[in-house]
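Step one of this worksheet: look at the structure below.
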C-alpha cells in the first residue's frame with residue numbers, strides 16, 4: 001500500500017460516526033479551553049487523561065488531537081477581541097488583531113484567523129502525512145549551535161518589529177530577559193534571583209506573565225482612563241465578513257505562516273511561539289504597508305495564526321515518527337499513547353498504521369470541523385464586545401485568575417499575577433511595548449542554554465558557533481537583517497520610515 | 001533620532017524613574033551573579049555570565065533613558081483615575097488573601113465585584129452575591145467536569161454535600 | 001464505546017471532591033509528568049478496587065517536588081488521609097535546592113515503581129560497547145559529552161557514579177543537561193553528543209527500531225528484552241534505580257501508618273494497578289517497611305556523596 005491508500009483507509013476510520021463524535025468533542029473542548037487565558041491544551045489533555053482510561057485508543061487520541069488543534073485556534077479569539085491571549089502562541093495575534101477589533105474590524109480579524117488556521121492546518125497535516133520522515137531527519141540535523149543561531153535570528157528580526165521607539169522596545173526586551181533569569185539554571189542547577197523563595201525556583205511562568213501583562217494590565221489601564229467614555233470600542237463597523245481586499249492581503253501571509261510554522265514546530269526545540277514571532281516579523285518586512293503595523297494590519301493576524309496552527313501539526317512529526325514530544329501537549333499525548341500500550345516511535349508507522357493514519361485523517365476532519373464551527377460563531381463572538389464593561393472586565397479577571405489558580409494554586413503565583421499586572425499597567429501608561437517582555441522571557445533562556453550547550457560540546461571553542469552550515473547561514477541572515485536597514489537608512493531610503501516612527505513617539 | 005528643541009526645560013520624571021529602576025535591577029542581578037560559583041565547566045560560560053551581560057545591558061539602557069529624560073523634556077500625559085485602579089488591585093489582593101480560607105467562589109466573587117465597582121457598578125450589595133454565584137458556577141464546571149483542583153471553602157463544601165445528598 | 005465515554009465523563013462529573021475524602025494525594029509536579037501520572041494511577045486503582053471511596057489528586061508543582069514536599073510537611077501534620085508521591089529525583093532536588101524540608105519530615109510508606117537508566121549511542125557511532133566508552137572517558141573526560149535530563153537529576157547522578165567507578169574525576173565529566181521532553185533524545189539521534197543517558201523507557205523504542213545502541217543498563221541483573229550488559233558486568237560498580245514512592249504525613253501514629261501501608265499493599269496487588277503498570281511499561285519494584293527505609297537511607301547517602309563529587313552540593 002502506498003501513502004495515498006493508507007490515507008484513504010485512515011479517512012474511513014476517521015469517518016466512523018463514533019470517531020467523528022470524538023473529534024467534535026475534542027475541538028469543542030479545545031476551543032473552549034483555548035479561549036480561557038492560562039488554561040491551555042496541555043492542562044486539558046492532562047486532566048482528561050484519566051477519564052479516557054479504558055476507552056477506545058483511537059477515539060481518545062483523536063479527541064486529544066482535536067483538543068490540540070482547537071486550543072491553538074481558540075487562543076486567538078480572546079487575543080483579538082479582548083487583548084487577552086489564551087496562550088503564548090497567540091500573544092502576537094493580539095498586537096494587530098486587537099487594534100482591528102477596536103476599529104470595528106473584529107469580524108475580519110477573526111475570519112482571517114479562522115481561515116488562516118484552516119489553510120495552515122490543512123497544508124501542514126498533508127505535509128505531515130507525506131514528508132514526516134524527511135522533515136524529521138532535517139530536524140535532527142539541528143544541534144545546539146544551530147538553535148542558538150536560530151535564536152539570534154529571531155531576536156534580530158523580532159526586535160525590528162517592536163514598535164516605535166528603539167529605546168523603549170529594548171527596555172521591554174531586557175525586562176523580559178531579566179525575568180527569564182529567575183529560577184534554577186538548567187545546566188548547572190544553580191538557583192538564580194530566587195531570593196530563597198522555593199516557588200521562584202521554577203522561574204516565571206510564561207502564561208502567568210502574559211495573562212498579567214495583557215489581561216490584568218489592560219483592565220487597569222482601561223479603568224484608570226478618565227476619558228473612558230470617548231474611546232468606546234466599536235463592535236462592528238462595516239462588514240463582519242472579510243472584504244475582497246482582506247482576502248487579497250491575507251492569502252500570502254497564510255502560506256508564509258504555514259511555511260514558517262511547520263518546520264519550526266517539527267524541530268525538537270522549536271515551538272509555536274517562536275514561529276509566531278518570526279511570522280510577524282516576516283509579514284512586517286514583506287508588507288507594502290509596514291506603517292499599518294501597530295495600527296491593525298490584517299497581515300499581522302493572518303501570518304502568525306497560520307504559523308501557530310502549522311506548528312501544531314509540525315509538533316506531531318517528531319512525536320509520531322520518533323516518539324519525541326516537543327511541547328507540553330505533545331508530552332501528554334505521548335503519555336496518552338503509552339496508556340494504551342502504544343509506543344510512538346520509528347516503529348509506530350509500521351506496527352500501527354491504522355491508528356497513525358486514522359489520527360492524521362481525523363486531524364484533517366477536526367480542522368474542517370473547526371472552520372465550520374467557528375465561522376458562523378464569529379458574529380456571536382464579536383458581540384462579546386457589546387457586553388457592558390463592568391461585567392466584561394470582571395469576567396475577564398475571573399477567568400484570568402482561574403487559569404493561574406488551576407495550573408498552580410500558590411499565593412506566590414497569584415502575587416506575581418498582581419505585580420506583573422501593575423507593571424503591565426505602568427508600561428501601557430508610559431508607552432512601553434508589552435510583547436517584547438514575553439519574547440525575552442521565552443527566547444532568553446533558550447538562547448542562553450543552547451549557547452552554553454554548544455560551547456560545552458565543543459569544550460569552549462567559539463568557532464563551533466559557525467562551524468555548521470545551518471548555523472552559519474542563519475547567523476549570516478541575522479547579520480543581513482541587522483545591517484541592511486542601517487545601510488538603507490544611511491542612503492536615505494529609510495527616511496520615510498524613521499519620519500513615521502518619530503511622529504508616533 | 002533627531003529631535004526638535006525640548007518641549008520644556010524640565011527633565012521627564014517618568015523616564016528618569018525608569019532609568020533608576022533599570023539601574024537598581026542591574027545592581028540586583030549583578031550582585032546575585034557575584035554570589036554564584038563560577039562553574040563554567042567546559043563551556044567557559046557559566047551560570048553567572050549571562051546575568052552579567054544582561055545587567056550590563058540594563059545599565060546601558062538606564063544611562064540612555066537618563067540622557068533621553070533630559071533631552072526630551074517633560075511629556076504631557078493623560079491624567080489617570082486612581083480610584084478604579086485601587087479597586088481592581090484591592091480585588092486581586094483580597095482574592096489572594098482569602099483564597100485558601102474562604103475558597104475559590106467567595107474570594108473570586110469579591111474580585112468580580114471589585115472590578116465591576118472599578119468600572120462603575122457601585123452597588124456592592126448586588127455585585128458581591130452576583131460575583132459569588134458566577135464564581136461558584138465556574139467552580140462547579142471546572143472542579144466537577146475537568147477535575148481541576150481549585151481551593152474549596154465552606155461554600156463549595158456545602159454545595160458538594162447538597163449535590164451528593166441528592167438521589168442519583 | 002460512545003456509552004463508555006459518556007459514562008466516563010459523567011462518572012468524572014459525579015466523582016466530586018467530597019467533604020471527607022478518604023485520601024488526598026499530592027502530586028508535587030504539574031499535570032502530565034511522571035509523579036502526576038503515578039498519583040492519578042493510584043487514584044484510579046484505589047477507587048476501582050474499593051479501597052477508598054473517593055481519592056483526590058492535587059498538583060503542587062515546583063523545584064523538583066520540593067515545593068510540594070514543604071507544603072505537605074507543613075499542612076498535613078498528623079492527618080492520616082494525606083499522601084504524597086515522590087521519587088529519587090526529589091532526593092537530589094532536596095540537596096541541590098538546599099530545601100529546608102527533607103524526606104525525614106514525612107513518613108515514607110513504600111516504593112511503588114522504578115525505571116533503570118540506560119546508556120546509549122546512535123547506531124552510526126563508532127563506540128561499540130561500554131568498555132570503549134569508559135576508555136574514552138578515562139583518556140579525555142571532556143571529549144565525551146553526555147546528553148541527559150536536568151542538572152542534579154537521576155541521569156546526571158548516574159554519570160557521576162559511572163565516572164567515579166571508572167576512576168575518573170567526577171567534576172571533569174562533560175554533562176549537557178537538556179530540559180527532558182525528548183530534547184536530549186533528539187540531540188543523541190542527531191549525533192550532537194557522544195552518548196546519552198536516561199531512563200530505559202525513553203530509549204527502548206529507538207533501540208528496537210535500530211537507531212540507537214544500548215551500551216549498558218543500571219540494573220542489578222540483565223533486563224529481559226534488552227540486549228545490553230549491566231554496568232556491573234562491565235566492571236563498573238554502579239546499580240541505580242530511578243524510583244517513585246508514596247509517603248504519608250508526618251506525625252501519624254504507628255497504627256495509622258500500618259493501616260495506610262496495608263491499603264497501599266492491597267492496591268499494589270490489585271489487578272487494576274498491575275494492568276496499569278504493564279500498560280505504561282513501569283516495573284513493579286514494590287518495597288515497603290523497614291527494607292524500604294534502609295534502601296532510602298542508602299540512596300540518600302550515596303546521592304549526597306556523588307552530588308558533592310560532581311560539585312553541585314558543597
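Keep in mind that glycine also has a Cβ here, set from the backbone N, Cα and C atoms.
Since the structure is predicted, the reported quantities are computational estimates derived from the model, not experimental observations.
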Per TrEMBL, the range holding transmembrane segment, considering A:429-447, A:448-466: A:429-447
Listed stretch, out of A:109-135, A:169-188, A:200-223, A:429-447, A:467-488, that has the most CB pairs under 8 angstroms to the transmembrane segment (A:20-49): A:200-223
Segment-segment contact (the transmembrane segment (A:200-223); the transmembrane segment (A:109-135)) at 3 or more Cβ pairs under 8 Å: no
Annotated stretches the transmembrane segment (A:316-335) and the transmembrane segment (A:467-488) touching (3 or more Cβ pairs under 8 Å): no
Among A:109-135, A:355-378, A:429-447, A:467-488, stretch most in contact with the transmembrane segment (A:169-188) (C-beta, under 8 angstroms): A:429-447
Distant-in-sequence neighbours of the transmembrane segment (A:467-488), which means Cβ under 8 A and at least six residues beyond its ends: 141-143, 145-146, 148-150, 152-153, 155-157, 160, 458, 494
